[in-house]
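Visitor: Checked TrEMBL, it gives:
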type	residues	note
REGION	1-20	region 'Disordered'
DOMAIN	29-480	domain 'Major facilitator superfamily (MFS) profile'
TRANSMEM	101-117	transmembrane segment
TRANSMEM	159-181	transmembrane segment
TRANSMEM	201-222	transmembrane segment
TRANSMEM	280-301	transmembrane segment
TRANSMEM	321-339	transmembrane segment
TRANSMEM	351-370	transmembrane segment
TRANSMEM	382-404	transmembrane segment
TRANSMEM	416-436	transmembrane segment
TRANSMEM	456-475	transmembrane segment
Amino acid sequence: MIAQQNGEETPLLQRPEQPTAKTPLPWDQIWILLLLEMPEIVSARTLAPFIPQLIRDIGVTHGDETQVGHYAGILQSSYYAAHTLTIFYWSQLSDHIGRKPVILIALLAISISMFSFGLSKTFFALVVSRVVSGAFDASDSMAKSMLMDITDATNMPKACSYVPIPCAIATAVGALIGGSFSRPADRFPNIFGRSELLKTYPYLLPCSISALFISTIWLVTYTHLKESVSTKTPLWELIKKGFFGQSYSEPRQPLSNVIVDPGEVKSKPLPLRALLTSKVLSVTASYATTGLFLTGFNSILPVFYATPIELGGLSFDPPRIGALLAASGIIQGIFQLLFYTRLNDRFGARAVHIIGISSGIPMVILFPVTNALARAFGIGTAVWLCVAVQLTLKTNLIMCFPCISLFVRAAAPNRASVGATNGIAQVAVAVARIIGPASTASVFSYSLQEGHDAWSIYYFFIAIAFLAVSTALLLPRDPSVWEDSQ
């Protein structure tokens, strides 16, 4: 009752009192987990700058410029469709066999899929490559679960404040790779002009660089990462007993040389039904709607940049798009590193989350404003100012995700079920990421067609933003409210 009263009556911009003593961060493992935040982002950001041009090159739109966004959305959604079908099972499996084996499988799959993407010459082959990546990619989810495993309520906000650093680096690196090395035979004829391979596969070089980068992370993970799950169940035992959806009463074999919380040794992973509590459902709804908005925005942003001004965009080329995405990633990472922990300590996770998702409304409004200025005055100071303001507001939105991670950890029924709880949230946000790119890209293409309302896409985005704000109101003032009530 005390915890609930605290959660209901504490003013929005005042965080409930927390213990002053904070547990030191285990940096020998934290730096590897931060590194594991990079593969998914690097791979996606490598593709983002040149996907619109790639879709034009393969001819799937038959020259119809208004359909580029539609096919770009399908391509992005194919990754999340496969991700949705598998991520909960990977997460649940990791509660039994450990996080590290799942991570190694994921990194290997991402590397192979990037090589495959660069060698693809048809839209179907591109989709297959992204489906393979999505089906096996649990690296980001496992990194989050391991972060929850090795931190507690006192030091997790601090650990989350460092997450934007690798994310920013990955965003910048991926965008620069994709923007700078696509079509290298055309852009750097003195270096790559004689390569028939790169002329035949003009996007193989950026994909290969990204794949080699991720392979390096695989090697570091294999040699240095320690398992964070305190006990293990043999895989064959799981198969014999029927793994999915069950919990096991038999004692599991303890591991040596792992990070163990002694108070959690006796806990065991719970079945799916036991995980579907009101807390888990609340944070899952908030995570899904926030992810829906952000993935939709991220899928539209490069398409908006690449679309001709007369059709509603800004007519930017891939190198400029890549540079913008890279610069915004760096700025967002620096801001969160410097200010996220302070904002979380001062105002609480829900307040930071609500302010972040509310920033999506002016971000959307700036789309038509920027295009109107480009039509009237060309690409000048006013346009660049609007682009800068929009990307700056996105910094607030990005800070929603470390807040949600705090709530996911607090919502888990026990520490042995953190992976599965995180898996439920990841399934929901993966569904949102399927709907987000496909729906927003299709609505964007619809709005560009003659005779249709050009503002349709902006009405759609604002509706999603209000939905995300409403689900954020389901969360308590602070994650400690949920932890205290357990």
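Glycine is no exception: its Cβ is also placed from the backbone N, Cα and C atoms.
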Visitor: Determine the mean pLDDT over the domain 'Major facilitator superfamily (MFS) profile' (29-480), rounding to the nearest whole number.
Guide: 85
Visitor: Between 101-117, 280-301, 416-436, 456-475, who has the most Cβ pairs under 8 Å to the transmembrane segment (201-222)?
Guide: 101-117
Visitor: So which residues does the transmembrane segment (416-436) touch in its own chain, when a touch means Cβ under 8 Å and the partner is 6 or more beyond its ends?
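Guide: Tertiary neighbours of the transmembrane segment (416-436) are 76-77, 79-81, 83-84, 87-92, 94-95, 99, 141-142, 144-145, 148-149, 229, 264, 267-270, 272, 275-276, 280, 283-285, 287-296, 299, 404, 408-409.
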Visitor: Are there residues at least 6 beyond the ends of the transmembrane segment (280-301) whose Cβ is under 8 Å from a Cβ of it, and what are they?
Guide: 48, 69, 72-73, 76, 80, 325, 353, 357, 360, 363-364, 367, 394, 397-398, 400-401, 404, 407-408, 411-413, 421, 424-425, 428-429, 431-433, 435-437, 439-441, 444, 457, 461, 464-465, 467-468, 471-472, 474-475
